[in-house]
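A.B. asks: The annotation domain 'MTTase N-terminal' is assigned in TrEMBL to 30-146. The annotation [4Fe-4S] cluster 1 binding site is assigned in TrEMBL to CYS39, CYS75, CYS109. Summarising the annotation, TrEMBL assigns domain 'Radical SAM core' to 170-417. According to TrEMBL, the feature [4Fe-4S] cluster 2 binding site maps to CYS184, CYS188, CYS191. The domain 'TRAM' feature in TrEMBL is assigned to 419-482.
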Amino acid sequence: MIRNEEIEKIIDEDQQGSALALEKNDSNSRKLYIESYGCQMNFSDSEIVASILAKEGFNTTQDLAEADLVLVNTCSIREKAEQTVRKRLEKFNAVKRTNPGMKVGVLGCMAERLKSKFLEEEKIVDMVVGPDAYKDLPNLIQEIDEGRNAVNVILSKDETYGDVAPVRLNSNGVTAFVSITRGCDNMCTFCVVPFTRGRERSRDPQSILEEVNDLWERGFKEITLLGQNVDSYLWYGGGLKKDYEKASEMQKATSVNFAKLLEMVALAQPKLRIRFSTSNPQDMTLDVIEAMAKYKNICKYIHLPVQSGSDRVLKAMNRLHTRAEYFELIDNIKGIIPDCAISQDMIAGFPTETEEDHQDTLSLMEYVKYDFGFMFAYSERPGTLAARKLEDDIPEATKKRRLQEIIAIQQKHSLYRTEQHVGKVEEVLIEGASKKSDAHWMGRNSQNTVVVFPKENYKVGEFVNVKINDCTSATLLGEAVGMSENN
Ligand code: SF4
């Protein structure tokens with residue numbers, strides 16, 4: 001962790017604004033502006049990048065016009081995500097006219113997917129850096145400072161950035177991400193991640209615990225353990241997950257899987273709230289659910305993408321579980337943790353999807369009645385197995401109609417789930433002011449549902465018991481009835 005007298009934390013008196021805590025090193029003279037798109041993993045990576053560059057003389061700035069270096073951490077999950085980045089880069093042309101010394105770099109999955117082609121396609125870009133090459137940034141910046149373009153998109157077999165202490169960006173000072181694995185070995189046919197983030201490798205549990213303990217000491221009250229596929233976490237001394245079978249008996253005997261890691265973190269800081277994301281149904285095991293039930297500070301919420309309710313489509317997606325096996329997992333979760341909230345990812349209009357397949361998706365949603373979800377129409381990603389083997393044959397109008405039906409059912413179920421909280425007293429961690437009213441705090445309950453209530457004398461970072469009086473499909477509305485004993 002960057003900790004010395006020179007570092008001065010400037011905390012905005014009113015803990016509600018946007019960028020709250022920026023760690024500054026007064027001897028740093030260069031200005032870094034970093035913008036992140038996509039998943040939580042990308043936002044967490046941007047904090048790693050800010051840390052690496054803080055040691056190279058960069059402080060972060062929220063002011064684009066004064067930036068010496070502009071970095072865009074890109075997402076490639078859907079075509080739309082890439083178009084958003086291209087539009088943003090266009091905007092930088094105008095800024096560059098008034099700030100000609102400004103250098104522009106692209107990071108993340110789109111950088112990894114396009115590699116040096118990015119330089120040809122977007123003339124404003126000086127540097128292209130893949131998700132595993134951030135430690136090479138000091139060298140790459142030297143190259144662009146000397147007027148050359150710079151590219152490093154090498155994927156790593158062991159990089160986890162476990163030895164880099166993230167600089168918290170746009171932090172509310174209460175919740176933080178802690179990445180535990182990188183890459184993904186599941187080759188879902190629609191997904192670009194295995195090509196842009198490489199093979200799975202897990203981070204040393206000791207470095208995870210160090211980061212968790214440091215966050216607690218710094219006043220953070222909730223962490224989210226992050227990975228493309230956290231259930232697949234497996235530490236056996238370093239290296240790729242796929243090489244585990246070659247490990248020694250001793251390494252296997254002392255290995256740490258996800259359930260064990262959850263237990264270690266829960267015991268290390270019993271008052272710190274723990275969340276995790278993202279799970280994959282084919283890798284989630286009973287011991288993870290039992291660990292969640294055993295420790296009060298592990299939140300009762302699971303993000304469990306399913307993508308389709310049809311066995312035929314799940315097979316075409318290379319999702320290694322069936323509809324029945326998914327139901328069995330849901331039944332186990334609800335059996336062991338009855339009040340556990342579950343959210344989903346769903347794709348409408350995957351190649352060859354029939355009306356019957358779509359109905360299977362709707363009936364799966366009826367069975368689970370998810371708390372909320374992230375639902376998208378299929379977007380063909382270059383280089384994926386689906387793009388190479390399957391024609392994107394579902395008409396846009398059909399994709400759109402099916403997506404609307406999925407969203408409509410989800411909204412009905414979201415309301416059904418929030419209504420179940422009305423009349424109950426819920427423990428809420430205050431994260432900040434409500435977007436809609438400055439007289440109200442917003443926070444989340446253990447189920448990750450947003451709760452809004454009048455501020456009274458309570459403060460950000462406190463655990464408060466809130467009586468839920470009303471709800472919408474996304475938010476619980478209530479009044480504080482006292483401090484939680486968890487403070
Ligand atoms: S589990 Fe599948 S969808 Fe998720 S990151 Fe891995 S390949 Fe992509």
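From the backbone N, Cα and C atoms, a Cβ is placed for every residue, glycine too.
Predicted automatically and left uncurated, TrEMBL annotations should be read as such.
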A.B. asks: With the [4Fe-4S] cluster 1 site defined by CYS39, CYS75, CYS109, which remaining residues of that chain have Cβ atoms positioned within 8 Å of the Cβ centroid?
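C.D. replies: For the [4Fe-4S] cluster 1 site the neighbour list reads TYR37, GLY38, MET41, ASN42, THR74, SER76, ILE77, ALA81, GLY108, MET110, VAL193, THR196.
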A.B. asks: Other residues with Cβ within 8 Å of the Cβ centroid of CYS184, CYS188, CYS191 at the [4Fe-4S] cluster 2 site?
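C.D. replies: Going along the sequence, the neighbours come out as ASN186, MET187, PHE190, VAL192, VAL193, PRO194, GLN228.
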A.B. asks: Identify, among the binding-site residues CYS39, CYS75, the residue whose Cβ has the fewest other Cβ atoms within 10 Å in this structure.
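C.D. replies: It is CYS39 that, of the binding-site residues CYS39, CYS75, has the fewest other Cβ atoms within 10 Å.
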A.B. asks: Which binding-site residues among CYS39, CYS75, CYS109, CYS191 have CB under 6 Å of ligand 1?
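C.D. replies: Only CYS191 qualify.
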A.B. asks: Counting other Cβ atoms within 10 Å, pick out the least crowded of the binding-site residues CYS184, CYS191.
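C.D. replies: Taking CYS184, CYS191 as the binding-site residues, the minimal 10 Å Cβ count falls on CYS191.
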A.B. asks: Rank the binding-site residues CYS109, CYS188 by how many other Cβ atoms lie within 10 Å of each Cβ and give me the one with the fewest.
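C.D. replies: Result for the binding-site residues CYS109, CYS188: minimum number of other Cβ atoms within 10 Å at CYS188.
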A.B. asks: Measuring Cα to Cα, how many Å separate CYS109 ([4Fe-4S] cluster 1 binding site) from CYS184 ([4Fe-4S] cluster 2 binding site)?
C.D. replies: 13
A.B. asks: Rounded to an integer, what is the Cα-Cα distance in Å between CYS75 ([4Fe-4S] cluster 1 binding site) and CYS191 ([4Fe-4S] cluster 2 binding site)?
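C.D. replies: Distance between the two Cα atoms comes out at 12 Å.
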